[in-house]
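S.K.: Look at Swiss-Prot and you will find Arg22, Arg29, His134, Thr345 tagged as substrate binding site, backed by similarity to another entry. As annotated by Swiss-Prot, pyridoxal 5'-phosphate binding site applies to Gly109, Phe110, Ser182, Asp207, Asp208, Ala209, His210, Thr233, Leu234, Ser235, Lys236, with the evidence given as similarity to another entry. What Swiss-Prot lists as N6-(pyridoxal phosphate)lysine is Lys236.
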Amino acid sequence: MQTLDDFAARRLSALEKRQLSRVLHETGRDSSPWVMRGERRMLSLSCNDYLNLSTHPATIRAAIDATAQFGVGAGGSRLVTGNHPLYTALEVRLAALKGTEAAIVFGSGFLANIGIIPALIAPNDLILVDELAHACIHAGAALAHARTIRFPHNDMQALAGLLEQERPQHDHVLIVTDGVFSMDGDLAPMSALVELSARYNAWLMTDDAHGIGVLNEGHGSAYGHDVPLQMGTLSKAVGAYGGYLCASAPVVALIRNRARSFIYTTGLPPGTLAAAITALDLIAADPALTMQPLEKAKLFTRLTSLPDAQSPIVPILLGSAEAALSASAMLAEHDYLAAAIRPPTVPAGTARLRLTFTALTPDSDIMRLAELIRPLLSDTAG
């Protein structure tokens, strides 16, 4: 009989043979976007701290002050004793930024998606998900126990065909997509999605984890569009931690009563809430700051003759896991931290470097990086 340890060892060995094994590397945060790997100070090209607000003096001070005043932890779930007054201030700011009636904050983006989708969708409903949407969206869809169909990435013709065929057979239909796709950096075709959802009486939900704070002067990828369910995170451009849903007041009230990942988990620490509030205030006060990550990414794509960046995320597709690991190691020799992204995070044959640019990524380093990346592009083209 195979023991648990034998089972684990065999599975790990199989991953290692395919160069898909993961290990944790201790990475100290310096002043964003700089990190420490051991004694080496490296420029991070893999961090989602797009506005560098996680190390901003104002957010740090807000977290320190709130922790000193209110303590380290929430002490309970939000529906019992963990609903600190700072939550109200945070949710008011989120709703204002996103242009909705209300907002609700979760413990993380993953918790938000696995709570929101099952709270809205029943087994006799239908979920249509972009095939490249984040893993937590697919996890949330699975928990709803409804029929789920993945449509080809950003293919509105295919989505329209599915809606035409499937809509009459289901009580409700939920279309879910990333606003900014986390591994490719491209944007969802928001206007077309809104039009299709209206035409077929479907609900549209977008995950704006990588759009809030950096697109449309910080409002995110859904700004100016009628998107009733705007989900996102506070852990990237906002620089803190947590997830949220911005929606109408009735929808938020329903989620508060039905989302298990909201009900049965402890509230966020007061220091985290205070830091997020301060970060949102900084975003609202400085539209120019929100534009800088995309401007940095566009500089890089111009220098490398890549397609114009649509977000702060620029993928360098290399194909094999071995090629991605080799490219990552090469950049590390030049003090650039660019993690290799391999299956199952991305489809087989599309291993890559996922480069991210922040407001404080130096232009001089972007120019140097472009010189290092160009030979990789020539190799893949050939």
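Heads up, residue numbers simply count up from 1 along the chain you see.
Placement of Cβ uses the backbone N, Cα and C atoms for every residue, glycine included.
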S.K.: Measuring Cα to Cα, how many Å separate Arg29 (substrate binding site) from His210 (pyridoxal 5'-phosphate binding site)?
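M.R.: Counting only the Cα atoms, the answer is 20 Å.
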S.K.: Which of Arg29, His134, Asp208, Leu234 has the fewest nearby Cβ atoms, counting only those within 10 Å, among these binding-site residues?
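M.R.: Per-residue Cβ counts within 10 Å for the binding-site residues Arg29, His134, Asp208, Leu234 bottom out at Arg29.
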S.K.: Per the record, pyridoxal 5'-phosphate is bound by Gly109, Phe110, Ser182, Asp207, Asp208, Ala209, His210, Thr233, Leu234, Ser235, Lys236: how many Å separate the farthest pair of Cα atoms?
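M.R.: 15 Å is the greatest Cα spacing among the residues binding pyridoxal 5'-phosphate.
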S.K.: Which of these binding-site residues is closest to Thr345 (substrate binding site) if you go by CA atoms: Gly109, Ser182, Asp208, Leu234, Lys236?
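M.R.: Nearest in space to Thr345 (substrate binding site), counting only the binding-site residues, is Ser182.
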S.K.: Would you mind checking how many other C-beta atoms are within 10 angstroms of the C-beta on Arg22 (substrate binding site)?
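M.R.: I count 8 other Cβ atoms within 10 Å of it.
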S.K.: Pop the Cα-Cα gap between His134 (substrate binding site) and Lys236 (pyridoxal 5'-phosphate binding site) into the table, whole Å please.
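M.R.: With distance taken Cα to Cα, His134 (substrate binding site) is 15 Å from Lys236 (pyridoxal 5'-phosphate binding site).
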S.K.: Which state, by DSSP, holds Ser182 (pyridoxal 5'-phosphate binding site): helix, strand or coil?
M.R.: coil
S.K.: Only counting partners 6 or more residues apart, tell me which same-chain residues put their Cβ under 8 Å from the Cβ of Ser182 (pyridoxal 5'-phosphate binding site).
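M.R.: For Ser182 (pyridoxal 5'-phosphate binding site), the qualifying residues are His134, Ala209, His210, Ile313.
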S.K.: Given the substrate binding site residues Arg22, Arg29, His134, Thr345 in the record, what is the largest Cα to Cα distance, rounded to whole Å?
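M.R.: Overall maximum Cα spacing for these binding residues reaches 25 Å.
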S.K.: Would you list the other residues of this chain near pyridoxal 5'-phosphate - those whose C-beta lies within 8 angstroms of the C-beta centroid of Gly109, Phe110, Ser182, Asp207, Asp208, Ala209, His210, Thr233, Leu234, Ser235, Lys236 - in sequence order?
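M.R.: Once Gly109, Phe110, Ser182, Asp207, Asp208, Ala209, His210, Thr233, Leu234, Ser235, Lys236 are set aside, the remaining close residues are Asn48, His134, Ile212, Gly232, Gly243.
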S.K.: Might you list, by sequence position, any residue in that chain lying six or more from Gly109 (pyridoxal 5'-phosphate binding site) with a Cβ less than 8 Å away from its Cβ?
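M.R.: Same-chain residues close to Gly109 (pyridoxal 5'-phosphate binding site) (Cβ under 8 Å, separated by 6 or more) are His134, Cys136, Asp207, Ala209, Met231, Gly232, Thr233, Ser235, Gly242, Gly243.
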S.K.: Quick check for the class: what is the C-alpha distance, in angstrom and rounded, between Asp208 (pyridoxal 5'-phosphate binding site) and Arg22 (substrate binding site)?
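M.R.: Here the two Cα atoms lie 27 Å apart.
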S.K.: Where does Gly109 (pyridoxal 5'-phosphate binding site) sit in DSSP terms: helix, strand, or coil?
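M.R.: Where Gly109 (pyridoxal 5'-phosphate binding site) sits, the three-state DSSP reduction gives helix.
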S.K.: Pick the one among the binding-site residues His210, Lys236, Thr345 whose Cβ has the fewest other Cβ atoms within 10 Å in this structure.
M.R.: Thr345
